[in-house]
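Colleague: Annotations for this protein, taken from TrEMBL, read as follows:
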type     : residues                                                                          : note
BINDING  : Asn17, Gln49, Asn69, Gly79, Asn80, Asn171, Asn204, Glu222, Arg223, Gly232, Ser233 : substrate binding site
ACT_SITE : Cys78                                                                             : active site
ACT_SITE : Cys78                                                                             : active site, proton donor
ACT_SITE : Cys231                                                                            : active site, proton acceptor
Amino acid sequence: MSALAGRRFLKMNGLGNRIVVLDLRGTAITVSAQEARAIAAHPRSPFDQLMIIHDPRGPGADAFIRIMNNDGSDAGACGNGMRCVAWALCVDPPISGGIDRDHLRLETQAGMLEAWMRDQTRFTVDMGAPRFDWQDIPLRDPFPDTRYIELQAGPIDAPVLHSPSAVNMGNPHAVFFVDDLDAHDLARFGPLLENHPIFPDRANISLAQVLSPTRIRLKVWERGAGLTQACGSAACAALVAAARRKFTGREATVSLPGGDLDIVWRESDSHVLLTGPVEMEWEDRFPAGIFAGAA
Ligand SMILES: N[C@H](CCC[C@H](N)C(=O)O)C(=O)O
């Protein structure tokens, strides 16, 4: 019997990016890849990312947050999921303990993040500083300037889909800049590029159309989750990549299929701040049956 059977979870979303929040503080329970896939497959708990709240591992943190994709893989960053975790820790009585919070320090495998409540459904997450060295993305081959890496989407799209920018936001991103977002079938070449050998850890694949110096349209094929309605870390990567190519300034609204995120790439410390909404949909408990057969 899985230790997760009967555990309470929250079904949330960040601009339609499907999130399940699970509080495992005070326990030694860990979630296996198979259990994560079983949760994602169940109609009451479908997710793009599972956000697991664990006891803090170091001083000064409110919690350690583990991020899992619905293929069972771990991720180092999830902007939409972090906003949902912040809502749970600030607002959801069983998780917040009824303490009214508006500022959190959250550890992830990629480092310490901070989050602030703007209002009951809107949060800001400091996603930390982007990294650009080819070894930090990571890339298999050395590229001195990761604003342009030699990669094309495939024989059909090659004439316009090539030379993306690579950015690490705690997780790996490749951002292709295009003139017309709707002219490309991301569902077709997204999985090919996600798993391209140039990305030893795979990558999140984005198409970005710059509408103005302060507005970007974005579609994302997420590593370990596929096409999603929104991807917070990709929105951060797209703004940073656009600013590095001088397409935009250091602040923009990023419009995803699920809605808009406000992104600021702060000059003082190079941190990227992501602000957007969260939605709490329902809570439930995991039925024991969904873990039958999951290790
Ligand atoms: N699929 C991503 C993690 C979730 C990113 C996205 N949902 C976000 O809001 O940042 C990865 O494996 O790096």
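Note: Cβ is positioned from N, Cα and C throughout, glycine not excepted.
Heads up, TrEMBL stuff is auto-annotated, nobody curated it.
Walk me through the surroundings of each of these features.
Modeller: In the three-state DSSP reading, Asn80 (substrate binding site) counts as helix.
Of all Cβ atoms in the protein chains displayed, 32 besides its own lie within 10 Å of the Cβ of Cys78 (active site).
Remark: Cys231 (active site, proton acceptor) has Asn17, Gly79, Asn80, Asn204, Ser206, Leu218, Val220, Glu222, Leu256 as non-local neighbours, by Cβ distance under 8 Å and separation of at least 6 in sequence.
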Colleague: Specify the count of other C-beta atoms within 10 Å of the C-beta of Asn17 (substrate binding site).
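Modeller: A count of 30.
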Colleague: So how many other Cβ atoms are close to Arg223 (substrate binding site), meaning within 10 Å of its Cβ?
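Modeller: I get 26 for this one.
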Colleague: So of all those binding-site residues, Asn69, Arg223, Ser233, which one's Cα sits nearest to Cys78 (active site)?
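Modeller: Of all the candidates listed, Ser233 is nearest in space.
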Colleague: Within 10 Å of the Cβ of Asn204 (substrate binding site), how many other Cβ atoms can be counted across all chains shown?
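Modeller: Within a 10 Å radius of the Cβ of Asn204 (substrate binding site) lie 28 other Cβ atoms.
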Colleague: Have a look around Asn80 (substrate binding site) and count the other CB atoms within 10 A of its CB, chains all included.
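Modeller: Excluding its own Cβ, the number within 10 Å is 34.
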